[in-house]
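Asks: Quick one: the structure is below, questions incoming.
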Amino acid sequence: MSSNSGIQIPSRLPLLLTHEGVLLPGSTMRISVETARNMHLVKNRLLKGTSLKSTIIGVIPNTRDPEHDTEDLPTLHSIGTAGLAVQVVGSNWPKPHYTLLITGLCRFRVAQLLKEGPFPVAEVEQLDKLEQYTSPEEMSEAAGPEGELGELSKRFYQAAVQLVGMLDMSVPVVAKLRRLLDSLPRETLPDVLASMIHTSNKEKLQVLDAVSLEERFKKTLPLLTRQIEGLKLLQKTRKLRPDDNKRVLAVRKGGVLPGHQFSLDEEGEDEDGDDTAVLERKVKGANMPQPALRVCLKELKRLKKMPQSMPEYALTRNYLDLMVELPWSKSTTDCLDIHAARVLLDSDHYAMEKLKRRVLEYLAVRQLKSTLKGPILCFVGPPGVGKTSVGRSIARTLGREFHRIALGGVCDQSDIRGHRRYIYTDFTDHYLNVAFDLSQVLFIATANSTATIPPALLDRMEVLQVQGYTQEEKVEIAHRHLIPHQLEQHGLTPQQLQIPQDTTQDIISKYTREAGVRSLERKIGAICRAVAVKVAEGHTVTKSEAPDGVSADMAAPPDMPIVIDHIALKDILGPHVFEMEVSERLTLPGVAVGLAWTPLGGEIMFVEASRMEGEGQLTLTGQLGDVMKESAHLAMSWLRSNAKTYQLTNMVGGSDPLEGTDIHLHFPAGAVTKDGPSAGVTMVTVLASLFSGRLVRSDVAMTGEITLRGLVLPVGGIKDKVLAAHRAGVKRVIIPKRNEKDLEEIPANVRVELDFVTASNLDEVLNAAFDGGFPGMSNPLTLPHIVSKL
């Protein structure tokens, strides 16, 4: 170890202050980062560094970092451990925090503190060398056969072998440790074993402060001997199971083996050795109501009489463990600051005014009446519109804990209410079998559709519809939330990557077609990954950025920031996925555009019709449900009864459109099941176009239920349908007259760009769907009833 050659750590190291444990060279430890100075070190050094050198930091033990930057730097322990940060895991919710996985390299002494903020940096003196250590034989020869260091090394090695021999060698990690004892240099064994066996932080600190190897052996050997004697005593005084004397005990944090660590302490032992006594104290200290306490004491009495080999022993023990862990008398204090809640909701979510207003109403009532029971809110809307994130923001607003329970695919009520242990009960959890007060819990349910919710359950919830976003709202959400989040997730900064608003609009209109923003965030993530590769390699994003005569792959690092234009967008995301195809598909009679609602949001729906010689049959294709098939027959019957009025003919000019003619009505996207009455007006328009030979306007979409008398009835999902029409480039939307009230929910910028026709009968629908109207014998060329732009 006295060689002057070898790898050297940097002479200046940023310091991580920890009070929780002691990192020894050769061991690995997880360190929680929550204080201000340590947080700055992680963000400004570890997360932004690009070299191996930037991941080496100094860990100072026995030093508590103050909670705030303004406080003076505490007195630093003089000896620390240089460590390699091999993993950084973190989150910004509910507050920023990180966890570091650090492997100890060597000791160092703090020579001089260079700066205190935003995190301390010191000039250090390396104490241990990182060169190839000497072999055990070389060390013994160097120390001399009778030297004290050689004798200490030999005794320590023998004790380590004896300790490992008391464990179960059939366990792979134990066998690996035994092999390491023969392969590791003897001078590393004190640090390695001290980090594995049961020792206090004070004892580990003494080992760390032992700079000389001889002193280190002397400090660690008694700890090793104590562990051996403890295991021997345990074997003598305890009634052993067959495998108890050779078992591997609980895993501890950190270790010399990546991903593995041993603990030789009896962590499973209670202080007085009596599990049931400890459990009884926990039951009595849980502050549970008397009925629940009586049940627990009764179960505890049965548990004491059971042998541990009985299957019911584990069942009863698990039940009691759960009962004492429940928060019987614990609750959080709600934060009822309305102004702060409004600011938080507005900063977390763009738009969604109805939901935010309802949350503020709840907070206001709670402020006036503290005994208000928590309502059950149900957010219903397409995926990706922010239903779950609103629930998380509500928890932040109230200062409560947030727990998400996914019920997708659950078909057994016992998965929710609990499986019965003995007898059947009503109105309580089947597993607990006692009452538990949940009246102050704010339950928030989310769903894509109410169709699958049982009516009795739906009647007990307050349903709030969460509609899809407009293109302008998506652009705003992308630049406020999605792009900053993805930049952080991919280690980029706004100084390295910029996505202009027109590029974001291209992503929304040409690469995604959804009500929410989930696919949009994935596309932004794909852009960040592509740019991260180019930044890491020093390459440009597109060939157009390379200098003349130099290929893009060989170009120098790109100019910062990298701006994503439409050329770079196509290079990264590929050809456009969606095109404005409405006008292209309405080039023949017998085609019209309808509007449909799905759990994923609104969609435009093409309807096609053709006719051929036949026997008057109507064929329907496209996976249609019964209601939709009935709407098709209604449309056909109404047109036949009004054929003379609208001068509709069959293929040979007859007044009955079906005479000698077969009609085929098709709804494309045949793999998707379709049903509902709202396509009635679209079917009438398609068939009227087919029978008259006239083209439907290419900028019109429609929705509405029909009757046999030609009335147009209201339908649902108007906002989602209108937004889908707007995304598809439609300019005129035909809706039922009785749905006019629903237009108030449409964003003002969308209403300005669309013409709405509110129709009460099919005459008005046909006049609005064709250029110049659709005249009948008694209604020549009447202009469509167009409602002004709202």
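Any Cβ shown, glycine's included, is placed from N, Cα and C.
Dumping what TrEMBL says about this protein:
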{"type": "ACT_SITE", "residues": "Ser678", "note": "active site"}
{"type": "ACT_SITE", "residues": "Lys721", "note": "active site"}
{"type": "BINDING", "residues": "Gly381, Pro382, Pro383, Gly384, Val385, Gly386, Lys387, Thr388", "note": "ATP binding site"}
{"type": "DOMAIN", "residues": "13-228", "note": "domain 'Lon N-terminal'"}
{"type": "DOMAIN", "residues": "586-772", "note": "domain 'Lon proteolytic'"}
Asks: Which residues, in sequence order, are found in the same chain with Cβ within 8 Å of the centroid defined by the Cβ atoms of Gly381, Pro382, Pro383, Gly384, Val385, Gly386, Lys387, Thr388 at the ATP site, excluding those residues themselves?
Replies: Phe379, Thr446, Asn448, Val466, Ala515, Gly516, Arg518
Asks: Neighbour count, 10 Å Cβ-Cβ cut-off, for Ser678 (active site): what number do you get?
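Replies: The answer is 29.
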Asks: Quick check for the class: what is the C-alpha distance, in angstrom and rounded, between Val385 (ATP binding site) and Lys721 (active site)?
Replies: 16
Asks: For Val385 (ATP binding site), what is the tally of other C-beta atoms lying within 10 angstroms of its C-beta?
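Replies: Other Cβ atoms found within 10 Å: 27.
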Asks: Just to be sure I understand the packing, how many Cβ atoms besides its own are within 10 Å of the Cβ of Pro383 (ATP binding site)?
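Replies: Summing over all protein chains shown, Pro383 (ATP binding site) has 16 other Cβ atoms within 10 Å.
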Asks: For Lys721 (active site), what residues in its own chain, 6 or more apart in sequence, show a Cβ-Cβ distance under 8 Å?
Replies: Leu595, Ala596, Trp597, Gly602, Thr703, Val733
Asks: Where the distance is taken from Cα to Cα, which of the binding-site residues Pro383, Gly386, Lys387, Thr388 turns out closest to Ser678 (active site)?
Replies: Pro383
